[in-house]
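Features of the protein shown, as given by Swiss-Prot:
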{"type": "BINDING", "residues": "11, 12, 13, 14, 15, 16, 123, 178, 367", "note": "FAD binding site"}
{"type": "BINDING", "residues": "270-284", "note": "NAD(+) binding site"}
């Protein structure tokens, strides 16, 4: 095996797997360096994929021929479409995942991937030559060369585990932290900080009184993650639901000093939307109970993940408070929970390609950028790996705007605003969420992926067939119409306004369904469920989509105003020192990106625009 590649990916978690695959799919000779082959694709925390906002990211990864959706469908054991009762724009596909099935399927995919080598070593340092990255060095001094390197270290950069008074240097339980890489990033001058996340105890399902619990079943009709998945063959399971009690809260409150944060042993900021049970007891002191989902980790695994009680108190206290919950009175613990602190790089150090501004050729993806979650990591990994491959080939980078993808929203948030706490995706972060639905991710992105070279032949063929079907259905829906008289004669209540109405206009009327319209136009009954769903959504959102497209046009006018990469903000008049510092730090590429930087006022934008126009006219 050669010691020279086009792209090196460091880290075999969710970001690293997607980065390595995307780079290889795009035609770059790729090397994935990871400390253990057997932990590639490991789900280190909760055994689930998707959710609100997160499910959108999984669908977008899939639309670009990434792995998470397809692999998830080989391991999904409890599918649920969240927000089903609400509009399609905010629905989120989610599934419990069999950890073992997921890991095995991911490894089978990567270990046989064209253009991809996987080597199990611990990287200790980067090779930097003439101010650019040139490869990586392992703990024994072996050299691996590449002009592009993607760093996906997760929680391993100077990771420290906290469990009561116990403090262990580790990237996760059983794995050593990455000290050398963290030291190298500090030495290069990267602006870095400290974050924290946590995980709950793992319970022995054989010791849970399941018959005393409320149970939550999977959806009768599973909604797959991948557009390529036609059916789910994995057996579906139920999850249990229990609750914390007043006694639970009393035990935690009395022993709060054992917590890493409340005991003063950890300074990293934890995720706001996934608080520890200690945080819940303190922040929501008026609540006497919190819901806890008991999620089996696999079909042939008795391990249960108690979602909602991540903690860093001692093992003794964990067992005490767990046994105060209904159904867990006699529970035994397989592995106790813990908090983990780790270093991250301020994502304002990055371009929208996820390449670092400070060290050309180095890309960062995943928790190293201050995000939390498998889906956020996977989406960043895909974009970093793809852009690294495109850069090696001398091609234009892949950057999605906020109106094109949730991936674009996330990366723009990160590189423009930075983070002060672990970032997670929500539908509320997207201004154009009626357009950015989970159901149309392939319609938005697969053609882009084909042009970028990251979409393979199987997906290309499937997408071509689906695209042709949608075009034919939409053409038919626009081509046939009813006059008000015709509509009323066939049983539809329509105003006599002289307006002919096509299929979409008819569907927008109360109590009109495609099944009813099929009695008028029988061809509708031949449409596939996918086509029927898309037409129904487009009809329901028609007026709103038109208004949102107007908003997109206004957004793009600002995005089209490019700012010079070498702009000297010291020469721009009427800017405060604070605004100058923020602009110089982020180095926005467009006026729109500048507008999204905290503290940049409309007056500052006007001054900036005037300066750029004068410079162009000079």
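Using the three backbone atoms N, Cα and C, a Cβ is placed for every residue, glycine included.
Feature map: annotations from Swiss-Prot on the structure.
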residue : record              : Cβ neighbours (10 Å)
13      : FAD binding site    : 29
15      : FAD binding site    : 33
123     : FAD binding site    : 26
272     : NAD(+) binding site : 14
274     : NAD(+) binding site : 18
276     : NAD(+) binding site : 28
278     : NAD(+) binding site : 26
282     : NAD(+) binding site : 17
284     : NAD(+) binding site : 12
367     : FAD binding site    : 29
From binding-site residues 276, 278, 282, the one whose Cα lies nearest residue 367 (FAD binding site): 276
Around the Cβ of residue 270 (NAD(+) binding site), the count of other Cβ atoms that are within 10 Å: 23
Residue 280 (NAD(+) binding site) CB neighbourhood, other CB atoms within 10 A: 18
Residue 13 (FAD binding site) versus residue 284 (NAD(+) binding site) - Cα distance in angstrom: 33
Rounded to the nearest Å - Cα separation of residue 270 (NAD(+) binding site) and residue 13 (FAD binding site): 20
From 272, 274, 276, 278, 280, 282, the binding-site residues whose CA lies within 10 Å of that of residue 13 (FAD binding site): none
For residue 11 (FAD binding site): intrachain residues, at least 6 apart, with Cβ closer than 8 Å: 33, 34, 151, 152, 153, 154, 156, 366
Between residue 15 (FAD binding site) and residue 272 (NAD(+) binding site), the C-alpha gap once rounded to whole angstrom: 22
Cα-Cα distance linking residue 123 (FAD binding site) and residue 280 (NAD(+) binding site), given in Å to the nearest integer: 38
Distance, residue 123 (FAD binding site) to residue 274 (NAD(+) binding site) (CA atoms, angstrom): 31
Spatial separation of residue 278 (NAD(+) binding site) from residue 123 (FAD binding site) - C-alpha basis, Å: 35
